[in-house]
């Protein structure tokens, strides 16, 4: 197994045309993860379609439909190595209706690179991306100000974008001084692996240098096992193979596991990562595994796998702390939007507005408010309309954070602070 280096999941986030996929393609290419002849082939193909600059982006957008439309749709997992780490890139789509993909992508990330184009600067979506990165608990951020070639490598422009993004970070309670900013051109390759002579005014490290400064998150191996399922495949000769990322605990061959809320159990026969069989999987590993006694219809996206003697909680109702990002009118009791939590998407009804909080300090402003509007923070109670695995965010951050979506937009984001468990036995 070639995993001696520590592993980091990296989300690359950005507005639709800000060069996110090109940045990822360039990283992969410079790290030697993409053979030069493939890039050449993509280049020719891209030029013949009049999209010459998309060559690196095509490394990521390897889905036919995406190529035609020039947008990243599903989350692509790619691997590349730096001197110090090996990275799995979660390329998060930037289109508006893909924010929910981004939520499930970003919630798997240990660190994020937010790509902002120098000529355009901060866009509406950039705000949402910064906010979601915060809500989804991504502590380490690098802001790559891309397309510097299109801004004449101008230092003043870089500083302007830096201060605009800095203002956004402050809004969500992140100190901009803890975030690394770097001017790049993914297309030209400036400041990716070597410092660009076109921007002598930038004295910092290259993008690869900054990636090597990231810290590997502590692996919560001592916690109970939790694996949110992204998909379940039927593979001939093997059977059903659920796929997901281990969030906490250790998954071992021979273990008895239970999938919730499906309430189906079986024994782990084999575990695979990056197409190689492994004896056990630890937090951060994106894996496929085969379970004896589990059929194709027993497991679906949104289920969570745990040890049979300590299965994931299924929420009868839950209390959450949320921040309302946007809503055309007011949110009242009875509102039933879709909650995107780990890989699940489930409609939940607001059953009680417990209190309104000051978003900056967390102090209570009002008990039992009659409604909530954009900008409010609150404690609420909710009831899932169908079984949903949800855990207290203090114990299992990855299974307790969520985004709330309705009408094609992210309405709110938050975390679960208490779960009333459903009896499943």
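The backbone N, Cα and C atoms fix where each Cβ goes, glycine too.
Lifted from Swiss-Prot, the feature list:
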type: BINDING; residues: 14-21, 91-95, 146-149; note: GTP binding site
type: BINDING; residues: 21; note: Mg(2+) binding site
type: DOMAIN; residues: 5-221; note: domain 'tr-type G'
type: REGION; residues: 14-21; note: region 'G1'
type: REGION; residues: 70-74; note: region 'G2'
type: REGION; residues: 91-94; note: region 'G3'
type: REGION; residues: 146-149; note: region 'G4'
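Mapped onto this structure are the features recorded in Swiss-Prot.
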residue	record	Cβ within 10 Å
14	GTP binding site	31
17	GTP binding site	15
20	GTP binding site	29
21	Mg(2+) binding site	27
148	GTP binding site	30
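In this structure, residue 14 (GTP binding site) is part of a beta strand by DSSP. Note: the region 'G4' (146-149) comprises 2 helix, 1 strand, 1 coil (DSSP; helix = H, G, I, strand = E, B). Residue 14 (GTP binding site) is 9 Å away from the residue listed as 'Mg(2+) binding site' when you measure Cα to Cα.
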